[in-house]
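First up is the structure itself, then whatever we jot down about it.
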Amino acid sequence: MASEGSSGLAKSAAVKLSEMGERTKQLGTAMQDPHRQRRIILVIVCVALLLDNMLYMVIVPIIPDYLLYLEKEQSSGNSSSSVNNTENLDIKIGVLFASKAILQLLVNPLSGTFIDRVGYDIPLLIGLSVMFVSTCIFAFAENYATLFVARSLQGLGSAFADTSGIAMIADKYTEEAERSRALGIALAFISFGSLVAPPFGSTLYEFAGKSVPFIVLACVCLLDGILLLTVIKPFSNRTRENMPVGTPIYKLMIDPYIAVVAGALTTCNIPLAFLEPTIANWMESTMHATKWEMGLTWLPAFFPHILGVYITVKLAAEYPNYQWFYGAVGMVIIGASSCTVPACRNFGQLIVPLCGICFGIALVDTALLPTLAFLVDVRHVSVYGSVYAIADISYSVAYAMGPIVAGQIVHNLGFVQLNLGMGLVNVLYAPALLILRNVYQMKPSHSERNILLEEGPKGLYDTIKMEERKAKKKSFVSSAGNYVPGDENGIDTYRGQQASRSFSEEDSSGPEYS
């Protein structure tokens, strides 16, 4: 009886293992479906962007208080030392906050070129790995030097993760409407990470200690990396011979259209980058704001940001030729909102212009990030690492200057002058987007895609310029026309005639651009 019972258990266990194996096989087959796979890739990238921006902002309520605690411990019993350390603390905090954007600014030209050479998956894995290490260091750091290393490492990870993630979305979603929608979702995660991180960090810091917020983020980062390894498998099938060589980043930087977009991305983010390190002190001195009000300053602005993304995606799908106009309207809204910030006298009034700033940033980012990919498609080679490295550089310029420059401007000129200057810069830059008004009339040819790529369109479409194709056809046809048969059966002559005929048929298929 005992043997029969054990054999029955063995059979049931074998059946369950077989069912689990079958389900795993079905799940693997489903994950290999291109449509589902790109949705999973979008989730992976959005989580990576969420983590990066949460880690960027979660230190805002934690690190100043923690550094003050460390300074008090070191200077206990020495009053003169305490005064000097307190005076230097603001400078140290500003340098610490800016170190991430500064290193990101320095690394982005190299990371963009690296992404163009090896693809998008390995750089994304590198970025997630570095961010995981950075977050763990933040959790257990007990002095300023270690915190500085962790913050700088985060900039290194962001230079790879952010750029490769956005570039991967642009590569997987080739249709303009789908691309705008996917990038809009990514921007929503960026906004959510930036705005929810301060209350998330301050709450856990107060009730659970400094390490807990960073440990939570490190666990999410680890899970995202495991999902990336499972779905995309970066180290398998590393054949890159069919991948076109991307345009060098310095050539993209001197493209006037890309330069205008990059300038707009920098300008529209200056109010947010400059207000984040200065608005809490201004709120405390002018409206005697409480700690919770200062901690929740930007959280209500998340909802108009999502609204701005949604509106821009819908408008771009219906009227794609007016992407430049949506961006210009966004910059005017940012400028007007920035100018009204100093006039606010309580927390409720302050919410309105801050919501206006985030709504305008949503219009600009959602309209212009897909425009960068489109410009690369129609004017360069459809490899997106370098062009989104330029976008990341644009953001990094604003956020590198913010913690260092904003405080000096407030100290020397005043908070009112800071906001008026930022608002004026945005309003004056908006007309520059008129340069982009004819960009979307340059439509890439869809009839040529299967000719350009042997396996059909997979994101790297229209990667050979018209001039290059004409030159190759001309040289090939001339060589075929002057060909001397190599064997008596005339097989090579026949191949040359077939090649010439295929080129003539290709020429009659339609123009390169419509």
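Backbone N, Cα and C atoms are what each Cβ position is placed from, and that goes for glycine too.
Here is what TrEMBL says about this protein:
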type     : residues : note
TRANSMEM : 40-63    : transmembrane segment
DOMAIN   : 41-514   : domain 'Major facilitator superfamily (MFS) profile'
TRANSMEM : 122-141  : transmembrane segment
TRANSMEM : 182-200  : transmembrane segment
TRANSMEM : 212-232  : transmembrane segment
TRANSMEM : 252-275  : transmembrane segment
TRANSMEM : 295-313  : transmembrane segment
TRANSMEM : 325-344  : transmembrane segment
TRANSMEM : 350-375  : transmembrane segment
TRANSMEM : 387-410  : transmembrane segment
TRANSMEM : 416-436  : transmembrane segment
REGION   : 474-514  : region 'Disordered'
COMPBIAS : 505-514  : compositional bias 'Acidic residues'
Contacting positions for the transmembrane segment (350-375) when only residues 6+ beyond its ends and CB under 8 Å are counted: 166, 170, 176, 179-180, 183-184, 187, 191, 195, 255, 257-258, 261, 264-265, 268-269, 271-272, 275, 283, 287, 297-298, 300-309, 311-313, 316, 323-324, 326-327, 329-334, 336-338, 340-341, 344, 384, 387-388, 390-391, 426, 436, 439-440
Listed stretch, out of 122-141, 182-200, 212-232, 252-275, 325-344, that has the most CB pairs under 8 angstroms to the transmembrane segment (40-63): 182-200
Same-chain residues near the transmembrane segment (387-410), Cβ under 8 Å, at least 6 residues beyond its ends: 90, 93-95, 97-98, 100-102, 104-105, 108-109, 111-113, 115, 158-159, 162-163, 166-167, 170, 249, 252-253, 258, 261-263, 265-266, 269-270, 272-278, 282, 369, 372-373, 375-376, 380, 417-418, 421
Among 182-200, 212-232, 252-275, 295-313, 416-436, stretch most in contact with the transmembrane segment (122-141) (C-beta, under 8 angstroms): 212-232
Contact check, the transmembrane segment (295-313) vs the transmembrane segment (182-200), 3+ Cβ pairs under 8 Å, seq sep 6+: yes
Averaged pLDDT, computed only over the residues in the domain 'Major facilitator superfamily (MFS) profile' (41-514): 79
